[in-house]
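Single-structure report; data block below.
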Amino acid sequence: CLLTSDFVTGSLDDCACDVETIDTFNNEQLFPKLQKLLESDYFRFYKVNLNKPCPFWKDNSLCGQKNCAVIPCTPNEVPEGIKTNDHHNMYSAEANQECEKAEKLGAVNSSLSEETRQSLREWSKHDDEAERFCVIDDEESPDSQYVDLLLNPERFTGYKGPEAWQIWNSIYEENCFKPYTVKRPLNPMSAYSGNLPDLLPGQCVEKRAFFRLVSGLHSSINIHLSARFLLDDNWYEKKWGHNVSEFQQRFDAQLTNGEGPKRLRNLYFLYLIELRALAKILPVLQRPSFQLYTGQSVQDQQLKLQLIELLQVAKSFPLHFDETTLFAGNKEEAATLKEDFRLTFRNISRIMDCVGCFKCRLWGKLQTQGLGTVLKILFSERQIEALPKSSNSRPTFQLSRQELVSLLNAFGRISTSIRELENFRSLLSMVR
């Protein structure tokens with residue numbers, strides 16, 4: 001049974017957009033610029049704690065396969081400016097205390113401009129834990145390490161079976177708004193990698209959106225695993241590439257009882273949500289006080305210009321998702337639902353510490369943190385609109401470097417998935 005090359009087309013539910021418009025916009029305008037940005041030092045180094053214990057069950061299922069391993073950075077591989085920036089990026093009630101700490105670092109401080117120091121003060125001042133939709137690792141923990149994302153790409157590792165099934169089962173069954181009539185397979189070896197059926201009768205738009213975001217993320221991950229599959233492994237080389245059969249098992253309409261195309265539609269829905277967040281964060285990152293600091297001033301200035309250009313492209317998309325349709329009913333009910341929404345997604349981010357494969361854990365944590373940052377942006381419209389004109393005033397909204405890196409890399413994964421669908425279309429048309 002071969003999947004046709006037009007496996008998902010037409011308009012999308014819950015938004016005034018279609019697949020073809022997104023494909024053209026992503027593949028021709030946005031994807032190339034985004035990939036170039038993610039290759040920069042600022043966005044390729046991500047600090048993460050991969051040794052946190054699973055908070056929900058006793059976890060003795062760490063993957064022993066070599067493809068599951070993550071290679072951390074050595075201290076001299078990470079630009080000094082990034083380490084300094086992250087060190088002073090911990091939130092504090094008093095910005096002046098952080099400024100005093102920075103001034104004691106004579107050697108480092110001498111390389112910082114006043115504008116950059118002001119940026120670090122602002123980033124250190126605002127504690128927005130109550131606004132976060134995900135749990136962020138403590139970057140000061142001795143277990144937190146920098147990882148070069150380009151040297152640890154997301155791809156098929158062989159991590160599967162009951163352990164992988166337990167992760168997704170916990171996400172869908174216990175931490176996702178969905179109809180109680182929809183259940184995952186009881187047999188973890190039966191279609192363990194598939195998404196839940198997208199049957200959402202009678203659900204409010206918020207809960208339906210939450211489910212579609214999780215399903216879209218799951219679909220994106222499955223596309224990456226199918227596109228960078230271990231095709232050959234022998235003593236002299238490993239060959240990674242597109243596995244059409246694996247892709248079909250996850251998305252073919254007949255092989256998935258009609259669910260495959262729905263999963264892909266959820267991927268496009270997730271793309272629109274994350275694209276909207278990039279457009280909305282533009283005024284925050286355009287501020288003169290915002291800096292992408294690695295310690296190399298010329299490159300840092302050029303990188304900020306590239307970032308702003310990318311966000312302007314994102315803003316130019318003609319059919320953005322309208323987030324004002326969410327939580328728009330009775331104010332008290334909407335506030336309660338929004339808090340449930342936030343706490344539920346925070347729980348999902350904690351489940352990532354239960355993933356047995358370290359490489360899967362790395363990308364799972366990054367992508368859930370990225371999506372959590374997206375939600376934080378979308379539901380902070382008033383704070384973003386209230387940004388002060390002067391850089392000397394306390395900002396009403398900001399992101400940590402960790403949030404920004406996860407935001408762009410998470411969207412990079414979704415954008416890559418949309419691009420890979422075009423590759424699979426071509427491959428499938430060749431074998432028909």
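Heads up, the Cβ atoms here are built off N, Cα and C, so glycines get one too.
Record source TrEMBL places Cys357 in a disulfide bond whose other cysteine, from Cys204, Cys360, is Cys360.
Around the Cβ of Cys68 (disulfide bond), 19 further Cβ atoms fall within 10 Å across all displayed protein chains. Across the structure, Cys360 (active site) and Arg250 (FAD binding site) place their CA atoms 18 angstrom apart. For the binding-site residues Thr157, Ser215, counting C-beta atoms within 10 A of each C-beta gives the highest total at Ser215. Cα spacing between Cys357 (active site, nucleophile) and Arg155 (FAD binding site): 12 Å, rounded to the nearest whole number. Of the recorded residues, Thr157 (FAD binding site) and Cys68 (disulfide bond) place their C-alpha atoms 6 Å from one another. It is Cys357 that, of the active-site residues Cys357, Cys360, has its Cβ surrounded by the most other Cβ atoms within 10 Å. There are 21 other CB atoms within 10 A of the CB of Trp168 (FAD binding site), with all protein chains counted.
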